[in-house]
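Novice: Pulled these from TrEMBL:
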DOMAIN    174-265  domain 'DUF6534'
TRANSMEM  12-33  transmembrane segment
TRANSMEM  53-79  transmembrane segment
TRANSMEM  99-119  transmembrane segment
TRANSMEM  131-155  transmembrane segment
TRANSMEM  167-188  transmembrane segment
TRANSMEM  208-231  transmembrane segment
TRANSMEM  237-261  transmembrane segment
Amino acid sequence: MATVPSPPPAVIHSLVTFFLGGWDLAVCADLTLQGIIFAQIAHYVTLYKKDVLALRAFVAVLLIITTLKSAQGLVILWIQNVEYFMNLNAACNMFTNSWTTELNLTLAALIAFYVQLFFCKRLWTISRNVYIVSVVVALFVFALVAAIVSSVFTFAGQSKNVTWIEIHLGTVFAGDVLLCGSTIYFLLYHSKHASLDTAGMLSSLMRLTFQSAVPAVLCALISLVGTLAWNRTTPNAYVLLAVIANNVLPKLYAISAMWTLNSRRNIRQAHSSAGREANAATNRSRYTNGIELTSPWMSSDFSARNEACTNGGGDDAVHRTTVITETSFPLSLKV
């Protein structure tokens, strides 16, 4: 049986440095982020034992699928660095003839899609805009389909898989930008029409949106640029970036979701304390300005009402206005 000739020394160096080395770094980064996810989930279980069943189920499934992704990374490391330790050609070819690696993009896309649906539900609760939400969901569905099609071509050994990888990454990036931008826009819109206390909370939620979404959006951009720019014949630094970014992206999505869920208590306590201090200072009425936070799966209305409260002799009237909004990011607010 004829053996596959070894690649030239320059190509071997590039393969080891940028391709195989990229996978080593990617799996290590994946395991590090999985440790953060474990800590976030432990924090969630401790603080939100009475959360709604839908959220607890969401977190449980997220734990399972992210753990499976890390287990897959360990299998890849074992095959690459142990089974094929003395066989460079086999180690490089495993990414086109081993199901553990051929399904890598689809598994990552499934995790990303699962979290993206969570954020789409949140966007719907905030905006109630069927057109924007439909476009965002359609983009994410198409991205998942593109990842599956790419895996099918990979199993078939066809080069078309690269094109579908690029389509998948480009669609994911476009969907992420639209999702993040739409969420911030509607939060900003509601904050301009809300009471001072509610506007302060919505401002906190906008900061949370930006802080939790930016890492995943930037990673999606790096993944797209690296995939488009790498040399298909000789691996280079773009391959390294693409491999690492593609593998850590689903974990960044998961961290973003858990960050969002775990921030509810801090936001509630901060703004409830601010409301109590304001009431104690003015001493105008027994009305409570505290804000109740519930779940991102439930929406609540801010009813517009004007109340005239009379102090002492009745000469001074204090008008309290709360503007009608419906929002939940990542939690429902009820005044």
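The backbone N, Cα and C atoms fix where each Cβ goes, and this holds for glycine too.
Show me how these features fit into the shown structure, please.
Specialist: Along the domain 'DUF6534' (174-265), the predicted structure has mean pLDDT 89.
Tertiary proximity for the transmembrane segment (12-33) is limited to same-chain residues at least six positions away from its ends with a CB under 8 Å from its CB atoms, namely 6, 69-70, 73-74, 76-77, 80-81, 88, 91-92, 234-237, 239-244, 246-248, 251-252, 254-255.
Residues of the same chain lying 6 or more positions beyond the ends of the transmembrane segment (53-79) and with a Cβ under 8 Å from any Cβ of it are 23-24, 26-27, 30-31, 34, 37, 41, 44-45, 91, 94, 98, 100-101, 103-104, 107-108, 110-111, 114-115, 118, 247, 250-251, 254, 257-258, 261, 295-297.
Listed as Cβ neighbours of the transmembrane segment (99-119) (distance under 8 Å, sequence separation of 6 or more from its ends, same chain) are residues 58, 61-62, 65-66, 68-69, 72, 75-76, 79, 137, 140-141, 143-144, 147-148, 150-151, 154-155, 165, 168, 172, 175-176, 179, 183, 246-247, 249-251, 253-254, 256-257, 296.
Listed by sequence, the residues of this chain that lie at least six past the ends of the transmembrane segment (237-261) yet keep a Cβ under 8 A from its Cβ atoms are 17-19, 21-23, 25-27, 29-30, 33-34, 36-37, 40-41, 44, 48, 55, 58-59, 62, 66, 69, 73, 104-105, 107-109, 111-112, 115-116, 118-119, 122, 169, 172, 208, 211-213, 215-216, 219-220, 222-223, 225-227, 229-231, 296, 330.
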Novice: Same chain, outside the transmembrane segment (208-231) by at least 6, Cβ under 8 Å from its Cβ: which residues?
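Specialist: Same-chain contacts beyond the ends: 165-166, 169-170, 172-173, 176-177, 179-180, 183-184, 187, 238-243, 245-246, 248-249, 252-253, 255-256, 259-260, 263, 267, 329-330.
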